[in-house]
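Undergrad: For reference, TrEMBL lists these features for the protein:
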type	residues	note
TRANSMEM	A:12-36	transmembrane segment
TRANSMEM	A:144-165	transmembrane segment
TRANSMEM	A:186-206	transmembrane segment
TRANSMEM	A:324-346	transmembrane segment
TRANSMEM	A:358-380	transmembrane segment
TRANSMEM	A:400-417	transmembrane segment
TRANSMEM	A:458-476	transmembrane segment
Amino acid sequence: MRDILRNRMGWLHAWVGFVGGLVLVVAFTGGTLALFDTEITRWMEPELAALPEAAMTGEALDHAGAQVWALREKGQNVFLNLPSARDPVLRILHYDGHAFVGPVLDPRDGTALNSRETRGGQLFFDLHQSLYRGPVWGNLVTEAAGIGLIVAVISGVIIHFRNLVPNLLLFRPFAAPGRAWLDAHLVAGVLLLPFIIMMAYTGAVIHAPRLFPMIGAGHAARPAGRPDAGMRVVGPYAPLAPMLAQAEDIFGRGRIGFVMFGTGTVSFYRADAADFAMTRDHADFSAGDGRLVGVERIGRGMPRLGGAMRGLHFIRWGTPALRWLYFVCSVVGSMMMAAGLGLFLMKHRRVHGGTFRLALAETLALAVTLGLPLASLGYLWGSRLLPPELVHRADRETGVFFLVWLVALLHAGMRCLGGAVRPAWREQACAIAVLGCGLPILDVVSRAETAFRLRADVYLAVDACALGFGLLALWGQRVIVRAR
Amino acid sequence: MTLKSNRKTAKGGLWKRWLGRFVGGVACAYVCALGLFSLASGHAGGLDAILRQSLAIAVLPLVIVGLFALPGRRSGPSVFVALAVPFLHLTLS
């Protein structure tokens with residue numbers, strides 16, 4: 001091999017792509033599922049399926065406020081999430097170190113609903129932004145992987161620059177496996193280039209303070225359970241409903257997302273879905289008499305840049321159609337990265353076939369490519385099969401996710417070290433097919449006691465997606481068998 | 001046999017050189033981004049923090065790829081340190 005630009009870029013693309021890709025497939029897949037984190041959370045709370053659709057009443061808000069104040073007097077750092085189109089219930093939430101969890105309240109009267117404890121879709125959000133390793137090291141690794149993705153994209157474009165158009169036209173899905181995977185990798189990479197660059201760049205900018213801790217504007221993440229200094233306050237407290245009406249006069253009707261409780265103040269924050277830029281504008285009220293004490297709005301221009309970056313990345317302002325478009329692009333992006341991992345392994349199998357190093361690489365690639373979707377489906381199965389009244393249920397559910405992933409890793413390790421790489425891929429694809437195709441049946445059976453009705457809602461959407469991925473895995477394992 | 005072995009040795013040498021170049025390039029790019037950060041915030045009325053972060057994140061991968069693409073067979077990672085030191089000196093002064 002000669003030391004020329006194309007070879008150098010090839011080396012950079014291959015190695016940064018493979019090592020970073022192992023993290024990026026996890027982050028991208030987690031992010032893909034996190035696009036619908038609220039909907040997944042609702043699917044994992046089947047008790048709420050029976051709840052009739054109703055607007056929030058002032059009585060419910062005041063009742064919820066009284067419960068929040070009572071919890072804060074006990075020293076718990078909680079806040080109130082208001083109903084929205086995506087999640088039509090009131091929630092008293094606190095950060096447990098990985099997700100915002102807490103009791104669910106009826107939007108009609110503010111009474112607690114008998115819903116099971118779960119981290120829901122926020123597990124995927126945490127996996128996406130910090131690999132479930134906390135806001136320091138986890139963020140740092142995903143941040144570095146995000147930079148690595150941009151490096152891999154730039155070097156990939158340099159390698160294929162002259163052949164970008166021919167590569168797009170020459171998509172041969174039924175050619176030899178190596179050629180077909182390369183075509184798929186190139187077509188997806190070129191078509192999704194703007195989306196992948198945008199997501200990698202905005203994600204990297206959002207967590208930039210992790211990469212440059214000595215400078216920067218601080219970081220939003222806070223360690224779990226940190227006591228809020230001076231948090232204990234004593235009543236009586238003004239009702240929240242009149243404050244909400246005033247806040248809606250300022251920011252617009254239905255544009256308040258959540259309510260934070262401070263020392264002697266109550267702050268109504270504008271919803272993330274209210275605007276393209278996530279700016280955390282808020283109106284502050286005196287907790288004692290409900291008097292408006294201040295309004296904070298992020299001005300136009302440069303201060304909104306950070307909010308615009310967040311808005312582009314999190315797409316909370318987007319319509320369901322736009323979120324589905326992001327979802328499809330993210331799924332294809334994850335597959336493109338997985339195809340890249342496969343191409344790296346195919347290339348090195350010719351030279352290093354049978355070595356421990358290659359078996360290790362095969363194991364890790366299989367564990368992130370198929371093991372993660374398998375664990376995600378296992379997580380959904382676990383949420384319905386674990387008893388609703390189980391103690392520390394959210395932790396047990398998360399435990400199911402990581403247990404399934406660990407089993408997938410061990411299976412991949414044993415099969416790849418034994419030289420049975422192709423059967424290992426086929427077996428994990430079969431497992432995905434079984435769990436994916438079986439999930440709609442599990443949903444129907446486990447919701448039979450509550451209120452199962454076939455209609456276009458979050459339950460049907462999650463079931464359809466699981467069935468779709470199950471059928472895709474079934475097709476994939478047949479392709480593996482035929483390619484023997 | 002000897003030819004194959006020599007080719008393998010040469011490939012291994014190239015791999016190590018590129019790895020060294022990559023590590024040196026990443027270190028240099030990080031220092032460059034830090035320098036840019038300091039320069040942007042050093043002046044009165046310096047740039048907004050989020051804009052500085054955005055610029056630094058944009059510069060980082062470009063510098064990594066740019067330095068990796070630099071020609072020169074004998075230039076080891078030390079050349080990047082030599083490139084980065086004056087820049088760091090400039091930002092600290």
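Heads up, the Cβ atoms here are built off N, Cα and C, so glycines get one too.
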Undergrad: Other than its close neighbours in sequence, what residues sit by the transmembrane segment (A:144-165), given a CB gap under 8 Å and a spacing of at least six beyond its ends?
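TA: Apart from its flanks, the transmembrane segment (A:144-165) reaches 5-6, 9-10, 12-13, 16-17, 19-21, 23-24, 27, 186, 189-190, 193, 196-197, 200-201, 203-204, 207, 211.
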Undergrad: If you count Cβ pairs under 8 Å, which stretch among A:186-206, A:324-346, A:458-476 touches the transmembrane segment (A:12-36) the most?
TA: A:324-346
Undergrad: So what's near the transmembrane segment (A:186-206) in sequence-distant terms, Cβ-Cβ under 8 Å and 6+ beyond its ends?
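TA: The answer is 31, 142-143, 146-147, 149-150, 153, 156-157, 160, 164, 167-168, 171, 306, 309-310, 312-313, 329-330, 332-333, 335-336, 339.
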Undergrad: Could you pull out which residues elsewhere in the chain have a CB under 8 Å from any CB of the transmembrane segment (A:358-380), counting only those six or more residues past its ends?
TA: 18, 22, 25-26, 29-30, 33, 40, 43-44, 123-124, 338, 341-342, 344-345, 348-349, 352, 397-398, 400-405, 408-409, 412-413, 416-417, 419, 421, 424-425, 428-429, 431-432, 435-436, 439, 462, 466, 469, 473
